[in-house]
Amino acid sequence: MASSSGNDDDLTIPRAAINKMIKETLPNVRVANDARELVVNCCTEFIHLISSEANEICNKSEKKTISPEHVIQALESLGFGSYISEVKEVLQECKTVALKRRKASSRLENLGIPEEELLRQQQELFAKARQQQAELAQQEWLQMQQAAQQAQLAAASASASNQAGSSQDEDDDDDI
């Protein structure tokens, strides 16, 4: 059900998701790009079919939001009843994950520390980390400066000893 309109691209399942599904389902099989495209189109058509039917069921029950129950009824009415048990399992997993997320976000609220105080503490930690980083950078710079000075002194000392050695050689040449 692909068309040339730009909107259809927004309504397809991401290729990465399809590729992952194919690889998990058929791990030792190579699948041609045309076959992958066909799977994308079939999945998109299936989703459109189910969502349209669920929307009709939702409208008939005078609701404004499609619920999971509407989708399950749509599967049944379209002859996909064999999918319902698995759909219900996935729905339960999604609800569990959502509940865990809500609990995790409420943990922050239940800390008893206002968000402004947490932000202030975070800013203090960032400032302390920046200060420590600046001190380390300063120490490294000083060490590099000292190493450069030592190298200059060593070079000057070597140059002076070379000049002293060559002037003594000239004095020795004068004696001949």
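Even glycines carry a Cβ here, placed using N, Cα and C.
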* Swiss-Prot lists region 'Disordered' for one of the ranges 2-26, 127-151, 152-176; which is that range? -> 152-176
* **Range among 100-103, 120-123 that Swiss-Prot annotates as motif 'Nuclear localization signal'** => 100-103
* What is the total of other Cβ atoms whose distance to the Cβ of Ser105 (phosphoserine) is within 10 Å? -> 10
* Could you put numbers on the helix, strand and coil content of the domain 'Histone-fold' (12-75), residue by residue per DSSP? => 47 helix, 0 strand, 17 coil
* Asked: What are the DSSP helix, strand and coil residue counts for the motif 'Nuclear localization signal' (100-103)?
  -> 4 helix, 0 strand, 0 coil
